[in-house]
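Okay, structure first, notes after.
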2 protein chains.
Amino acid sequence: MKSDFLTELESEVLLFDGAMGTQLQQAGLGTDTAPEAWNLENPKAIKKIHKSYLAAGSRVIQTNTFGANCIKLGKYDLEDKVTEINQAAVEIAKEVQKDGYVAGSIGPLGKLFAPMGTLTFREGVDVFAEQIRALVNAGVDVISFETMNDLQELRAAVVAAKEVTSEVPIIAQMTFDENLRSLSGTNPQIAATVLDSLGADIIGANCSLGPQGLLEVLKALNRTTDKPIIIQPNAGLPEIVDGETVYQQSPEEMAEYIKRFVQEGANIIGGCCGTSPEHIKAFAEKLSRLEPKRSAADKKFRLASGMELVELSEDSRSLMIGEQINTDSDKRLTEEIKDQVEAGAQVLNINVDGTDIDGVEIQQVVERVQKTSRASMAIDTADIEVLEAGLEAFVGKALINSVTGREEDLNRILPLAKKYGAGLICSTVDDDGIPGTAEKRVEIAKRIKQQTGEYGIAPEDLLINPVAVTVSSQQEAAIETLQAIKLIKEHLDLKTVLQVDNISDKLPKRLLLDRTFISMALGYGLDAYIIDPLNEEIRETILAAEVLVNRDRDAERYITEF
Amino acid sequence: MKSDFLTELESEVLLFDGAMGTQLQQAGLGTDTAPEAWNLENPKAIKKIHKSYLAAGSRVIQTNTFGANCIKLGKYDLEDKVTEINQAAVEIAKEVQKDGYVAGSIGPLGKLFAPMGTLTFREGVDVFAEQIRALVNAGVDVISFETMNDLQELRAAVVAAKEVTSEVPIIAQMTFDENLRSLSGTNPQIAATVLDSLGADIIGANCSLGPQGLLEVLKALNRTTDKPIIIQPNAGLPEIVDGETVYQQSPEEMAEYIKRFVQEGANIIGGCCGTSPEHIKAFAEKLSRLEPKRSAADKKFRLASGMELVELSEDSRSLMIGEQINTDSDKRLTEEIKDQVEAGAQVLNINVDGTDIDGVEIQQVVERVQKTSRASMAIDTADIEVLEAGLEAFVGKALINSVTGREEDLNRILPLAKKYGAGLICSTVDDDGIPGTAEKRVEIAKRIKQQTGEYGIAPEDLLINPVAVTVSSQQEAAIETLQAIKLIKEHLDLKTVLQVDNISDKLPKRLLLDRTFISMALGYGLDAYIIDPLNEEIRETILAAEVLVNRDRDAERYITEF
Ligand SMILES: [Zn+2]
Ligand SMILES: [Zn+2]
Ligand SMILES: [Zn+2]
């Protein structure tokens, strides 16, 4: 169901309010008081701030609940008041807000998530869920996560919101430093990729960089996601003048950016630290004549770790997924990861099938992998609990390896892919096994596309595996697999992936057959492959093939390599 | 224009007559008299023999002109009487033949053709043409070449007939020994391939092997050509009894084969040495209740030397055409040929472009090539006279490399391809150069198919070259070439060929690109390629590719090699 809020965004650029914190300080809030305590103790002060923003032209006001979670409130011994405080804040806001919307503000929890800190993903989800539930029950129109600088924390926040409500839209905002990276090393493209696939309804950034810096963030976001984008700059970088924190940018200076924000794709504009009703008034004047732009995003298959984005499109480099990593020993794991990544693997396939690894252990493995490399990750297991634990722990957008066309598989795995925003390898296999013909494989792929669509999984998040069969047992199957690649791409507009090494089983000179087959498959448009990246001959063949199928513009990588 | 004779063949199995020679000897012909001299000196005897065959049931009688060419008649100082003798023979036959047909019999010239002997192809054509002209002018219904045991001589005979007449149908018969080979090493499949493409209307065998042997010949012919087939067995192998040549098979024994002949696809049955009116009478009785079968031939791309057939079909081995052979020195030529053939080349590409070789010299080169190997040959030259000389000299069915879609090219080369029965490499190039898209290449191929069709060149004799372009200058072209292979095969049902080595021009590690591209092309269904057969890596890649695309059943060649 599309809320009024999202509908209005299609035709309007919405104006949020400005800073709450700065205003509260001016109203006399002491440093030993939780700002959110005033929802109970001094609601009039809050109400006054809201009113001033509404008078300035805000269409949306944000509740005074930035730190109203049990961890932060606990520092003021208010951990039991989470519901009460959030509820009060919403009531205050709703009292003054007549035509517009109330956004429930949620900031970071104030405790580091694993792997940087000790808070587990699940614990984080539960803390967020408590606050979200209070805000939603009190009737906010939209949940607004803001000032998040750890991607993993924001992932937990969005997952929590999805667990609490399927109706209230979710805004997910990160903050970035001058290098356009967050604390977790995440850049705007990565943030947009991960948050989009997690199901955030509006994606953006607030605070930290001032309007000029956020303009760059905005451009990057707008190239990556077609979701509405929110930008809430602070009033420039803070300076200390006479012992007080002062923000330097005037309402007029900041308002100069409004037109460019809209041109570059902003759908919501607000102000963060240092902005005042005067700033919002100046924004409102500029905004009144502007209409939202269409998204400039191109839909692509994307995966990401917290620090590195992987993109796959028709003319991009094809995607190298490293064959299974050995998880038995930490030392070997570390070495294999380093070797594979150095050899060009963009995704590491963590195969724990056939091991007795549990949910806790898989999280340790995932953390180790992410400590060792910036690569993306595929999780390869038939154990649904282990899969979910792995997806929780991976800071980024992971790849599930794999789902089949079997109903049972689809029903088990698609909800997880949706919830954790993962890409999906989909094998064209059903209850009758691997089909003999290309057409039958395409049929299964078509059904998978339809069913993933019903779950709200985007078609560009799928990699269809038309399954290469051993030629020594089924010689005509190789051509059918090749043909299927072409048909899946042409008729279903989906990306394809293959694992090629079993094609040559039981025949001599297997590598010769493998590399010849992968040449053919790339010729047919294969987009991705699961291979041993340390296999030089295969790697060289791929480099050559990419020149021939125009996935290596001007043979740049090829010439660099040779 | 289809003659009555060919039309009748569609619904009837026609009965020819039996031996003339044996009958003439019985009538008292001495060994010092040319049998054909009796056309002038003793027409009554000839007439009587014809009558006896007609009475026995022959629908077609053969003129007494087997040796009536200037060379053989010259041995009796009758070289000036060729026209007179042939004309007389036809008149005699026509006088007695009322309902049926008269076939003008033509045997070997009695002098060996190059390369076995000294008679050039052109000299041979002229000798045959003199006799054919006489027979045609006198009104035969069909020309019947018989008892030919040198493929080159029969090639000259058919070419001569085509030069003399486009209306009188041509029967081309060879003789084979117990190994089903003729003197030139030609087997029935080769004969059928070469004679069919030369435009013989009826193809067959006579003499030598008796009915049992000719049954095997018939089966082989019928699998190879869909032209009507003629079989004229002798009455078993001759034996010498009391100093006289005696044929052992009785009319009844031979007649037992008639039903099987028809079942195996014979459209015309007659008798050769040792057969008499009694034999023909016995044949006639068996034949009266039989109708012709449809041809069992499968249309394939075929080339042949005099001694070896090359076949190409969807599931056969792909066709290896050796890259240009150096014609400068005889020694190098011989070595290169041996090396290429040993490495698997089925066709040798004789490229004399850019040399100043003339028509005489090309014939010497062709003879040397055929002395050195049994491989088929492609002739690669822009000089139309050199091309024609080469086509004359090659004993077999050659490949012309190449014609383009340019009108001028088509008009020059298609008549030669038709006349000498050559296969054709057709490059999808026209006056605008090499097209940028696959679709444009297919369009040119389509036009070539149509125009070759108008010349009577069979579509299965074409290899379309969709032209691989250097990727360093036109990177998107490689995919277009691959796509063109598929479209040409699917939409036009034509075979494809590529020369791949220029694809990698100006890039490092060229061989890696070449072998990757040929893998892709074979994956797309490429049927043939012009490569350096001594290039191990390319050769191995092709072996592997053929397993994957199911052109090497059960990986037999692959496993043998590795
Ligand atoms: Zn801020
Ligand atoms: Zn803020
Ligand atoms: Zn004979």
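Note: Cβ is positioned from N, Cα and C throughout, glycine not excepted.
Model, not experiment: these values are computed from the prediction.
The Zn(2+) binding site annotation in TrEMBL covers A:Cys207, A:Cys272, A:Cys273. Under the three-state DSSP scheme, A:Cys207 (Zn(2+) binding site) falls in the coil class. Within 10 Å of the C-beta atom of A:Cys207 (Zn(2+) binding site) sit 23 other C-beta atoms, taking all shown protein chains into account.
Here the domain 'Hcy-binding' (A:2-287) returns a mean pLDDT of 95 for the predicted model. TrEMBL lists A:2-287 with the feature domain 'Hcy-binding'.
As annotated by TrEMBL, domain 'Pterin-binding' applies to A:302-562.
Cβ neighbours within 10 Å of A:Cys273 (Zn(2+) binding site), excluding its own Cβ and spanning all shown chains: 23. Secondary structure at A:Cys273 (Zn(2+) binding site), taken from DSSP and collapsed to helix, strand or coil, is coil. The local packing around A:Cys272 (Zn(2+) binding site), expressed as other Cβ atoms within 10 Å of its Cβ over all shown chains, amounts to 28.
Listed in chain order, the extra residues whose Cβ falls within 8 Å of the Cβ center of the Zn(2+) site residues A:Cys207, A:Cys272, A:Cys273 are A:Ala19, A:Thr147, A:Thr175, A:Asn206, A:Ser208, A:Gln232, A:Pro233, A:Asn234, A:Gly271, A:Gly274, A:Thr275.
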